[in-house]
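A.B. asks: Swiss-Prot lists ARG20, GLU85, LYS124, LYS461 with the feature (6S)-5-formyl-5,6,7,8-tetrahydrofolate binding site. The annotation K(+) binding site is assigned in Swiss-Prot to ASN231, SER250, ILE252, THR255 on the grounds of sequence analysis. Taken from Swiss-Prot, the feature GTP binding site covers 231-236, 250-256, 275-278, and the record attributes it to sequence analysis. What Swiss-Prot records for SER235, THR256 is Mg(2+) binding site. Swiss-Prot lists 221-383 with the feature domain 'TrmE-type G'.
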Amino acid sequence: MSTICAISTAPGVGGIAVIRVSGPDTFKICDRIFRPKKAGKSLSTQKAYTLTYGSIVGNNDETIDEVIAAVFRAPHSFTGEDTVEITCHGSTYIQQQILQSLISSGCRIAQPGEYTQRAFMNGKMDLSQAEAVADLIASTSAGQHRLALSQMRGGFSRELAELRNQLLHFTSLMELELDFSDHEELEFADRSELRTLADHIEQVISKLAQSFSVGNAIKNGIPVAIIGETNAGKSTLLNALLNEDKAIVSDIHGTTRDVIEDTININGQLFRFIDTAGIRETSDAIEALGIERSFKALDQAQIVILMYDLTRDLKDFEAFYQEIAPRLTNKSVILAMNKCDVLPTSSLPTFSFPTEGWHQIAISAKSKLHIAELQQLLTEVSSIPTLHQSDIIVTNVRHFEALTHALEAIHRVQEGLNSSLSGDFISQDLRECIFHLSDIVGEVTTDQVLGNIFRHFCIGK
């Protein structure tokens, strides 16, 4: 195993920077370039969790910078290996010179995510916890931070471990029955107990899988589709919500020909806004493709902002509503009446279609009138429940897919027990359920999958 080094702090100039060195030759390499302020304070002789002040030198023993070196000894470090973290001044030149000095002394530059991958390989964390490290680094809202921290601390892993241990117990008994298959009267695994266990595990896995809709919304943002006729002000509203010119705005009908997405944190909750192409009959093939994507975005949204231009014919809008009405079922709908600044409040229309349960607001996307009120309304209608520290919420697509496969396997176990299926078939489905649960924490994950997961990390992590 080679000894690796990388800058662990964010790129660019800052007050300080941290360079992490990890591997079997960490202390030998660092001692070659570290000059302690006090004699006899070489890093290889220091106790774990100590800080030593000194200098880093380069070629010809020239000082590069005065630094503080933190010592971590295996296995009690992030990677489980001997580790030194060098805190230097934040100059990019200084950082690169220290890296070059480390490389010249025997280190190599770490690959993206290699520190966390080594932590996983050395048993410091399982794969779901490693993925949570990446989520924690990328968190931009309180919800994302809370869920990533909970998963990194192992709550999800412990839940899965309990399920796997129970399944392994009964699987071993089923396998024992197969070893004594010539004695048909022998039954080591009590079928009644196994049925009770299968029902319990089915309930737990179902609950975990169902939590993904909430977890995905917290991690990637609650999907909000901005829907309306052409030139209703959808792109202008997106720009107003984001407070930037994200979408092109024009008086020409059909300007937006594709969906445009961006996220914004409102009161600690992440929303993913989707500006869609105006829905209308068209002979333009490209615009028609954009409208098709608008319908797809509408179907996937949890919240729909339905835009109505108050200066347009109400009958046209009501006809437009009839076209999309079936797609609004079970969605939170906000009817945003745009251009209220050019009409008196008394002129707001009464709609012929049912709007019970909808939220209505008069806005001006162009002048940003009542945009703050619209943002507040979005937080009120979002369906994210109040989460507690002990709640286990699935946020990762890979985990959700594995849980779905495990659920299918446990359903086959239940069906097999109800139909008195042979023990070898039931045992096979039990093993498959265990396999998919183990895949989540990385006990059976292939090198290809591991590489795909860790390459999305930053180099210094």
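Cβ coordinates come from backbone N, Cα and C, glycine included.
Note that the structure is predicted; figures quoted are calculated from it, not measured.
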A.B. asks: I need the least crowded one of these binding-site residues (ARG20, LYS124, LYS234), counting other C-beta atoms within 10 angstroms of each C-beta.
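C.D. replies: Comparing Cβ neighbours within 10 Å for the binding-site residues ARG20, LYS124, LYS234, LYS124 has the fewest.
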A.B. asks: Could you tell me the C-alpha distance between LYS124 ((6S)-5-formyl-5,6,7,8-tetrahydrofolate binding site) and SER235 (Mg(2+) binding site) in angstrom, no decimals?
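C.D. replies: LYS124 ((6S)-5-formyl-5,6,7,8-tetrahydrofolate binding site) to SER235 (Mg(2+) binding site), Cα-Cα distance: 48 Å.
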A.B. asks: Check the DSSP secondary structure of SER235 (Mg(2+) binding site), expressed as helix, strand or coil.
C.D. replies: helix
A.B. asks: Count, for each of the binding-site residues ASN231, SER235, the other C-beta atoms lying within 10 angstroms of its own C-beta, and report the residue with the smallest count.
C.D. replies: ASN231
A.B. asks: To the nearest whole angstrom, what is the C-alpha distance linking LYS234 (GTP binding site) and ARG20 ((6S)-5-formyl-5,6,7,8-tetrahydrofolate binding site)?
C.D. replies: 48
A.B. asks: Give me the non-local Cβ neighbours of GLU85 ((6S)-5-formyl-5,6,7,8-tetrahydrofolate binding site): same chain, 6+ apart in sequence, Cβ-Cβ under 8 Å, ordered along the sequence.
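C.D. replies: GLU85 ((6S)-5-formyl-5,6,7,8-tetrahydrofolate binding site) has long-range Cβ partners SER8, VAL18, ILE19, ARG20, VAL21, ALA69, ALA70, PHE72.
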